[in-house]
Number of protein chains: 2
Amino acid sequence: MGSITGDWRLKAARGKKIQQESIPKQWILAPERLPPTSQLCVIDVPKESGLLSEKELIITESTATSLVDKMASGTWTAEEVTIAFLKRATLGQQLLNFATEFLAEEAIARAKELDRIFHETGKIVGPLHGVPVSVKEHIGIKGRVCNAGYVSWMDYISPDDAVVVQLLQKAGGIVIVRTNEPQSLMAWLESDNNITGRTLNPHNRNLTPGGSSGGEGASMGFKCACLGVGSDIGGSIRGPAAFNGVYGLRPTAHRLPLVGLRAAGMGQDFIHGVVGPLGHSVEDLELFMKSLLDQCPWKEDMSLVPVPWRTAGPPATASLTVGIMKDNGLVHPHPPITRALELAEKKLIAAGVRVVEWKPYQYQESSDLTAQFYFADGGKAQRSALADEPLLPQTTLALAMGSPGGLDVSTSWDLNYQKEVIRAMHHAEWQRAGVDFVLSPAYVGVAPEHGTAQYFFYTALWNVLEQPAVVFPTGLQVDAKIDVADASYQPRSELDAREYAKYSPEKFDKVPISLQLAGKRWHDEELLAGAKVVQGIIAR
Amino acid sequence: MGSITGDWRLKAARGKKIQQESIPKQWILAPERLPPTSQLCVIDVPKESGLLSEKELIITESTATSLVDKMASGTWTAEEVTIAFLKRATLGQQLLNFATEFLAEEAIARAKELDRIFHETGKIVGPLHGVPVSVKEHIGIKGRVCNAGYVSWMDYISPDDAVVVQLLQKAGGIVIVRTNEPQSLMAWLESDNNITGRTLNPHNRNLTPGGSSGGEGASMGFKCACLGVGSDIGGSIRGPAAFNGVYGLRPTAHRLPLVGLRAAGMGQDFIHGVVGPLGHSVEDLELFMKSLLDQCPWKEDMSLVPVPWRTAGPPATASLTVGIMKDNGLVHPHPPITRALELAEKKLIAAGVRVVEWKPYQYQESSDLTAQFYFADGGKAQRSALADEPLLPQTTLALAMGSPGGLDVSTSWDLNYQKEVIRAMHHAEWQRAGVDFVLSPAYVGVAPEHGTAQYFFYTALWNVLEQPAVVFPTGLQVDAKIDVADASYQPRSELDAREYAKYSPEKFDKVPISLQLAGKRWHDEELLAGAKVVQGIIAR
């Protein structure tokens, strides 16, 4: 673990200082105007606090699609939109600690520039004109520290904006705030680190907003920004989206550029990390993808596939086949998830969708592969970056997943080939069953209590299989009266028992319930078009 | 190396027996009708032997494009075309030992079926209707042994045709013969093994036809088939194409399917092996790519990118910028190659093409990476497959390239990340220079003497960089009088001295000189369209 000297604390404090000094002072509420720390749900605080005007509440509760419409028609200015979100984000920061750094001045300056251009030309600069965006910290911003959750990386200054940020900005998006992530980024679904500390869930501050894009999850859940940019190698976009009751997409790899992101173990190529959007509707995820891919980023970054965004029309309900996997056969979902899936099934059938049971296929094998791949180097890349600071408990748990000492290349090749075979067999099974999408839990439960999020394989399956997957709210919330623990429950394994023991209805009462829909590799367009229909039916 | 028992000889003999028994008996010439083994160049033997009729000579000297035209107009039948090539291939086998197995009966039966369909419908079945094709042995054929050059794999029977073969057949192509490859397939540019032995070069039987698709090289050089299918991870299509004076394409990876190919170390994902065509014109390579990709193989094999073949129009000569790299700064090309490049430069400039010098960029780094990647497992996959048989000298040399014991995963990730950085920097340099293509040697010299082919980095560069590259004949041959060794030559290194010492004009007199043109990743279409123009000017 390396030597722990006083030094890491100084470096970490620098990160905390950047965070604190960047918070727009003019909108910080005095402690007495905030709810007591004992108040768990803070979702209604923006309305109650008096910080935001009625108009600002309407602005911050809009989707990106409607924001852009309003700015294109001259109804709202980019400046007032940006300020409204910055105010809400400042409040969010006081309540949730979701940000690592605000970019308020730059954001307002850019908003004014957009307003000037709009005023002069009568036109918006691009499809994301004036949309306030939050961006996960390890996605670099020019001239700013990019620490990826490691104290030892506090000296690294990004020489350029990450390409995904450049594309976003060219489309008119405005980065207003950078968001928190866990120490090591890898393999834990929460967001706590030695620099900026722990982020809380706006629906219940005893719960985690997820990770590793947990700052993004909280940002979207509290509506601190209109769109968010996260990254996902095992569920790091989808977990946070699910836990906060918002939308998140893990796109097919090699569609969006990774240049300018920082993480340990960058040469790991067995399971591809991706960047992707979080937002407040499927349409917004689509808007994000289209706005970026319409700029043909593959012309500059040849590691991307030259596949333009094809806007897919909504599939006819009667032509749809949805496979439903209620349980992966290894770890029982908690009662609220099962209830949501059963209700979804009924509604889909009633709407005329063909629904088939999707049996977990090679789940154990895929699960085993994942654990081996993430830390195939024996966690060396992580341990090296973590050498100077104490490990948080969940980092220790995550690092325990890998084989001590790591694999040799020969073994890693064998596993990599097995992975390819599993992908191909899974696709064949998918074709055989004739399913368009597979609906499943996004996680074993709803947002877990701090320090307890561990089992990420409901999302990681699609990373191993290299398929796109989207998470969305069902419109349902946990109901402590209905969602009682299943008396007939029998644990399948220690793992299963451990995960089921984390459930008790009262702890999660009124927390949103989300589900996950996966599509075919490369078919991100069809997945989003299908998700609009499927979510439309489920949340109806 | 494992124990060498009598057993491997029995297994190897089975492979030789399959080869021998498959040769169509009716066309085998008595030894006295063959040229003496001392006759090195056998290119004119088809004309001189009397085995092929005048019409059969014309047929076998046609391009695929014109063959299909002739069959589509009813001028030639698929049966007579297939028989003409089978006759020539039988002669080729007697002179060059290029085949591992003939598929004569099945081929003729399929040709008759195509003729029947054409007779009944008046239409050809597809864009490769009746085109005789040779296929490298490790590309599986249903129900037949697929040994990939390893004696220990003689028991493996392919359960299906490789997908690339299925696509070829659906387009109307007829597989008439399977072709030879080296022991271990990897990293040696010749074709000799313990099963079917050594393949010779039709231009000079003292020379190698190259490898690992060396059987394909000889097949194309002698016109045993009209199109060939090889594979390439460091030059295995392009070396053989260059050494035999024919055309060969290493396409961008993930465009053509690899399912059904066998090789050791399949999970190696640092440098992608690809399948690709060899043929008798750039148009034929284009026809092959288009015929296969028009079948949308990515709908079944999700590891392929969903990028249709876009037929690119020929670029205007005056709009073209060709970078010329005459020397990679590490190993001097032999005099004939330099002469061909200098002449090419003059002709391109005279034709109005913008020509710029392309300085070798990060060549040493790319070269070092390649050597480390191929045998990052310390050669374990190879050694395991080779356990039962004696190593041929060049296999021993190849295996010596890897770090003994192999890399750990951590180091391999670091190298893999370096590779990505080099690719991106190389692309940036390419953009900065404004080049469309880079023209360079395909190899340090023309076809080398048996047992001496070693330095493959003129081709392997494009594998590391993941860019498509095509090899074509210049229309020039070595002229022992002109192509004398350079008196001013000073070796740069032991490696350079070793490679230059292999040159002496007499050994290579009249052997064809080929060059290589590389294009941008994913731009296989533009590369072939450009190659038509560039080669047209160079070979004019």
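Using the three backbone atoms N, Cα and C, a Cβ is placed for every residue, glycine included.
Per TrEMBL, active site, charge relay system is recorded for A:Lys136 (among others). Just so you know, the Cβ of A:Lys136 (active site, charge relay system) picks up 30 other Cβ atoms within 10 Å once every protein chain is counted.
According to its DSSP assignment, A:Ser212 (active site, charge relay system) is coil. For A:Ser212 (active site, charge relay system), the Cβ neighbour count at a 10 Å cut-off comes to 36, with all displayed protein chains included. Residues or ranges marked as active site, charge relay system by TrEMBL: A:Ser212 (among others).
In the shown protein chains, 36 other C-beta atoms lie within 10 A of the C-beta of A:Ser236 (active site, acyl-ester intermediate). DSSP assigns A:Ser236 (active site, acyl-ester intermediate) to coil, not to a helix or a strand. The active site, acyl-ester intermediate annotation in TrEMBL covers A:Ser236.
According to TrEMBL, the feature substrate binding site maps to A:Leu185, A:Ser212, A:Ile233, A:Gly234, A:Gly235, A:Ser236. Within 10 Å of the C-beta atom of A:Ile233 (substrate binding site) sit 25 other C-beta atoms, taking all shown protein chains into account.
What TrEMBL records for A:80-528 is domain 'Amidase'.
Annotated pair A:Gly235 (substrate binding site) and A:Lys136 (active site, charge relay system), C-alpha to C-alpha distance, rounded: 14 Å. Closest in space to A:Leu185 (substrate binding site), of the active-site residues given as A:Lys136, A:Ser212, A:Ser236, is A:Ser212, taking the CA atom of each residue. Spacing of A:Lys136 (active site, charge relay system) relative to A:Ser212 (active site, charge relay system) is 9 Å (Cα to Cα, whole number). Reported as a whole number, the C-alpha separation between A:Gly234 (substrate binding site) and A:Ser212 (active site, charge relay system) equals 9 Å. Across the residues annotated as binding substrate (A:Leu185, A:Ser212, A:Ile233, A:Gly234, A:Gly235, A:Ser236), the widest Cα-Cα separation comes to 12 Å. The secondary structure of A:Leu185 (substrate binding site), as reduced to three states from DSSP, is coil rather than helix or strand.
Of the listed binding-site residues, namely A:Gly234, A:Gly235, the sparsest Cβ surroundings within 10 Å are found at A:Gly234. If you take the Cα of A:Ser236 (active site, acyl-ester intermediate) and the Cα of A:Ser212 (active site, charge relay system), they are about 5 angstrom apart, rounded to a whole number. Confidence annotation: the domain 'Amidase' (A:80-528) carries a mean pLDDT of 96 in the model.
If you draw a 10 Å sphere around the CB of A:Leu185 (substrate binding site), it holds 31 other CB atoms from the protein chains shown.
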